[in-house]
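If you check TrEMBL, you get these features:
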- 1-59: domain 'HTH lysR-type' (DOMAIN)
- 297-316: region 'Disordered' (REGION)
- 307-316: compositional bias 'Basic and acidic residues' (COMPBIAS)
Amino acid sequence: MNRSTLQLIVKISELGSFTKAGLELNMTQPAVSRAVNMLEAELGVTLLIRNRRQGVMLTDIGERVVRLFRGILDGYEKVDQEAAREKGLETGTVRIGAFPVASTYFVPKLLSQIANSYPNIKFEILEGTIAEIKEWIECRRIDVGFIIPPIDEFDAFHLHREELYAVFRNDHPLTAKTVIQAADLLDQSLIVCTAGYESPVMGWFDRSGESIKAKYSLYNNMTTLQFIQEGMGISVMAELSLMNLPDNMEIRRLDPPGYRDIYLAVSSFDESSIAAKMFIETALRLFRSPADGAVADKRNLPAGNETEERQPDHKI
């Protein structure tokens, strides 16, 4: 059992394929099969099962072993980074989990900033839902993830607070209002974007004393905006998703105001690698500041509703 074998088993578990794992790790199919067979023989258990429909699947013991393998590989990574730092180098790999808005707004600028100072650090980006990202953090598939509350058992750093807005077409009757209350939306066809919006949006309705059901649940922000543009309903979305709003759509602030808080989370900050800690510290330096209302000056937002400066909380 060696480092490359552990990497292979973990990669097979992530990709569900011997062939894909071999290609990514520059191993031939026979070499992959031989390494898996030798490891299973050494351990005396079956870790992987081939399924024609679902590809390669982990057995129950395989699931437990892969989680341990990830921890061992994290240890190897930390040793590499400590040795590199002793030699005056900054190196390593940071695995990042991000939902769509985070991967669009935060990640490119963040990685560009880091690449200028630490060109030897590599990054792997996995895009998924909030639930998937939390699961990836827990099983150590990723080192750090962008999430929204609830924070659960993670060590989490508040990164950004963004305001929620009602979004609808410019021919909708709600354009007559300067702010939108929950009661105004009860008879509307509500479109909920599930890419990190369900919890803050439904939480806002609950705090307003109203209960509402979504007519459409969509994962993609752009698809949600397209549905609104076609007159299929209205939505409540956060400001970072509304930076390039189509001309025939309008937004209004909510009364009471609603917000979505974005955090960077790790399973344990103390146990995180040097590179992962540096990623978090860089992100906080770049983005952790009071939100100034990124869409407050858009042509379709009524005047007289300036955003108040807000100081985000910090949790670890």
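Glycine is no exception: its Cβ is also placed from the backbone N, Cα and C atoms.
Within the domain 'HTH lysR-type' (1-59), the DSSP-based counts of helix, strand and coil residues read 35 helix, 8 strand, 16 coil.
The average pLDDT for the domain 'HTH lysR-type' (1-59) in the predicted structure is 88.
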